[in-house]
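Visitor: Below are the features I grabbed from Swiss-Prot:
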type    : residues                           : note
BINDING : 78, 81-82, 86, 88-91, 106-114, 118 : 5-phospho-alpha-D-ribose 1-diphosphate binding site
BINDING : 78, 109                            : anthranilate 1 binding site
BINDING : 90, 223                            : Mg(2+) 1 binding site
BINDING : 164                                : anthranilate 2 binding site
BINDING : 222, 223                           : Mg(2+) 2 binding site
């Protein structure tokens, strides 16, 4: 570990394999001081795509694995950290995508940037978070969606909680949640809090052999936005293409950011339920339709973002999204 600290502190970039080894050492055989020193040195130098991919691979190596018999398998997960208190867009979008027939392995945690993260809102809906891997696999295979609460599937992260808290600043671990799905989802929509991270995380995903992904920053949000243009990098195997999309790309109208404002877990749970049942319309539904449409697109269920949005809207209007929420709530509520 000392060698890695010295190399990074001197401005040297780690290879993917070295970064993968470094995170394994952080989890298994490093002091708090060493953990803090390496994370601080990486932040000061600036993390490269190889270092991000290597850390993510190391985290996945140490994770409790979920292996449903589904291909492709989609996740909608952002980095958080965008400092907007919106509704739970990615969580609601995951339910809608699953309702459209796209197998979904949702990975999430408690709040980072808002009053309610994925785990907060699902907890408010009565979904059991501490789920067994085999049960999650069964839910994905049977109902089309399963939820993985990150702390339950990444026990190695316990070793870095203290040093991260003591540093008090963002580190490489703030980027890794979307890249470390325990089910190794091979089709992803990844939101990032900084537009400069869009190409970096896209190249990291490509190096991790993800089949298809969209990495997006939407006018300040780690989601596709309605209040402005979104910068998006599409990963298709080894190819990464960056472009800009607008709400009209999805066939949707623009709306101010305040129109998708959220609240605490209970309020966001009510919005989530209202959106998937079709009772809540307007911009909150539209931003979910856009992001679910993106998930449907990367999951192979549509040949364009607009077509994906159409399928997302149909999943809501047909009752399929509501059925998916009911299945997730009923199944996870009885698991231990």
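Placed from the backbone N, Cα and C atoms, the Cβ positions cover glycine too.
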Visitor: Determine the most Cβ-crowded residue among the binding-site residues 107, 164, using a 10 Å radius around each Cβ and all protein chains in the structure.
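Guide: Of 107, 164, the one with the most crowded Cβ is 107.
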Visitor: Measure from the Cα of residue 222 (Mg(2+) 2 binding site) to the Cα of every one of the binding-site residues 78, 86, 90, 107, 164, then give the nearest.
Guide: 78
Visitor: Using all protein chains in view, find how many other C-beta atoms are within 10 Å of the C-beta of residue 90 (5-phospho-alpha-D-ribose 1-diphosphate binding site).
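Guide: I get 26 for this one.
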Visitor: Return one of helix, strand or coil for residue 107 (5-phospho-alpha-D-ribose 1-diphosphate binding site), based on DSSP.
Guide: strand
Visitor: Which whole-number value in Å describes the distance between the Cα atoms of residue 78 (5-phospho-alpha-D-ribose 1-diphosphate binding site) and residue 109 (anthranilate 1 binding site)?
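Guide: A Cα-Cα distance of 10 Å.
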Visitor: Measuring CA to CA, name the entry from the binding-site residues 109, 164, 223 that ends up nearest residue 86 (5-phospho-alpha-D-ribose 1-diphosphate binding site).
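Guide: Given the candidates 109, 164, 223, the nearest one is 223.
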Visitor: Just jot down the residues in the same chain as residue 223 (Mg(2+) 1 binding site), at least 6 apart in sequence, with C-beta under 8 A of its C-beta; none if empty.
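Guide: In sequence order, 78, 86, 89, 90, 191, 216, 287, 291 meet the Cβ cut-off.
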Visitor: Of 86, 109, the binding-site residues given in the record, which has the fewest other CB atoms within 10 A of its CB?
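Guide: Minimum Cβ neighbour count within 10 Å, taken over the binding-site residues 86, 109, occurs at 109.
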Visitor: Report, in whole Å, the straight Cα-to-Cα distance of the residue listed as 'anthranilate 2 binding site' from residue 107 (5-phospho-alpha-D-ribose 1-diphosphate binding site).
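Guide: If we compare the Cα positions of residue 107 (5-phospho-alpha-D-ribose 1-diphosphate binding site) and the residue listed as 'anthranilate 2 binding site', the gap is 21 Å.
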Visitor: Can you tell me how far the Cα of residue 109 (anthranilate 1 binding site) sits from the Cα of the residue listed as 'anthranilate 2 binding site', in Å?
Guide: 16
